Amino acid sequence: MGSKRMSGWWPQLVFVGPVTIFFLLIMIIPFLLGMYYSFTDWNGVAGTVNWVGFDNFKQIFTNDSDFWSSFWFTIRFTIVGVLLTNLVGFFLAYLLTKKLKSKNVLRTIFFMPNVIGGLLLGFIWQFIFVKGFSTVGDMTGWSFFNLPWLGDETTGFWGITMVFVWQSAGYLMVVYIASLTNVSKEVLEAAEIDGASRFQVLRGIILPLIMPAITVCLFLAISWSFKMFDLNLSLTKGGPFKSTESVALNIYAEAFQNNRYGLGTAKSLIFFIVVAIITLIQVRVTKSKEVEA
Amino acid sequence: MGTKKYTGKLFITEAVMIIVGLLFLAPFYFLLVNSVKPFGEIMSNSASWPQIFKWENYSRAWELTRFPQAFRNSMIITVVTVILTALISAMGAYRMVRANTRFNRILFMLFVAAMVIPFQSIMIPLLKVVNVMGVNNSMVGLIMCYLGLGAPLSLFLFHGFIKAIPLEIEEAATVDGCNPITVFFRIVLPLLKPMLMTVIILNCLWVWNDYLLPSLILQKPDMRTIPLATFAFFGQYTKQWDLALPALVLGIAPIVAFFLLLQRYIVEGVAAGSVKG
């Protein structure tokens, strides 16, 4: 029988072997090594790795305000970014599932920024913020466009957020569209006949039914915004004066610019733990709100 | 049902959405019109239609970024990575579903759990591993990294898909004397086509656009991918917008063309890949 043929040791080796080798080599070993290095003073040059116990963590927790301000920046960015991309993505999807004539073209337009990498998008927007905005500001006289975009902490934060929403809303829109088209028309029509308002239908019927999509979209948006690196690098490089530096950028700079690899891996470990906790909580919370459709 | 008229309300919705769509496109307008202007005109008015088209901006950017080379590097890395990742993950997932041993169940759990690990948490020791293996500064090393990093999600997607494929066809083929490898390539792989598309598309977008990993592994200028070449160019010609903008247009052109050609599959692939994110 088939199961018998599949039970030899060599199919196991041939089928599972390759993917497992790369997985162990590229993810698991570095992950374990990282745990070890976070307790050392490794500086990237081979041969000089000393065990320093909890020194790195002590330093991070007592004497590294830059790291914590980058954490605070990342948290603020994540909260605002996740809310806005999901709101924009959902409403685009909600309106595009109506019988619009241009819905296919619009779907393409809204998704398009997403296929371009964050680095190039950031550079494009640097031009928009620096030159485009000032031109529009001159033409319209709106002070919004004449702010010092990317030049101070506030405009840097909102500039990155704006580009992030522009980039990722289209992706979430696609996920929401897939879910919204599965909501049964009969249920919606029944609600309409019963005299439910549009808002009641949205809150009482649509939102609970698309909860699985909301779970996925929150998960994706949190994961993107918390690990944001490319946009940050190409828009502000963390400046001015590190006021818009994300955790990912801070870790990168610690290791590859300051050559403090041990300290960098300790920060990476803290970063991992926080990401893991957030992910677990978030999946728990949204899963518990899903309803059977 | 489904025969509602095109009402006035719908018309207003449509109009609003078209305006929003144009706003979404506005950055591309600024990018394109200014990429063919002389520097002075970019500075004096960045919103206007170009008075003269200075196509020479493009030929200079083409040469200075060494675009053909960067394009070729990006192509090689993306194509090889995407094909190999799809293949080894599909094979692994297939075996894990069909040979449901305790070992395979634990291994699968490990793959799923690893999806939580952010790349930035392992990048520093990963470089060490790459150095020890002696594949630093090479495309082979970079591709090996992508195979490991891309495996968890790809394998997870295939795993869910294969579980829904009935076993009977494979059993019949086995009775007919096919060995497991023939069964996989002749029978299972064709059945995986929808999920293969999804996995290939998701990995394509990721690898093609990735900046951080290649920047850590590829140091030689002649190995630069498009994001690396663009980054280096931007550093050198900051604020020289008449060169930087055409370079950016060149940089985004391949992936935008890819998207417009295959948009139906890409949008479907994204939706399918996220349902079980």
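The backbone N, Cα and C atoms fix where each Cβ goes, glycine too.
Remember, predicted model here, so these are calculated numbers, not experimental data.
Annotated features in TrEMBL:
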type	residues	note
TRANSMEM	B:12-32	transmembrane segment
DOMAIN	B:71-262	domain 'ABC transmembrane type-1'
TRANSMEM	B:74-94	transmembrane segment
TRANSMEM	B:106-127	transmembrane segment
TRANSMEM	B:139-162	transmembrane segment
TRANSMEM	B:183-208	transmembrane segment
TRANSMEM	B:243-262	transmembrane segment
Same-chain residue ranges lying at least 6 outside the transmembrane segment (B:243-262) that approach it to Cβ under 8 Å: 31-32, 34-36, 42, 57-58, 60-62, 64-65, 67, 71, 74, 201, 204-205, 208-209, 226-227, 229-230, 233-234, 237
Residue numbers, six or more beyond the limits of the transmembrane segment (B:183-208), whose CB comes under 8 Å of its CB atoms: 74, 77-78, 81-83, 85-86, 89-91, 94, 146, 150, 153-154, 157-158, 161-162, 165, 169-170, 173-174, 226, 254-255, 258, 262, 265-266, 268-270, 272-273
Range from B:12-32, B:74-94, B:139-162 with the greatest count of C-beta pairs under 8 A to the transmembrane segment (B:106-127): B:139-162
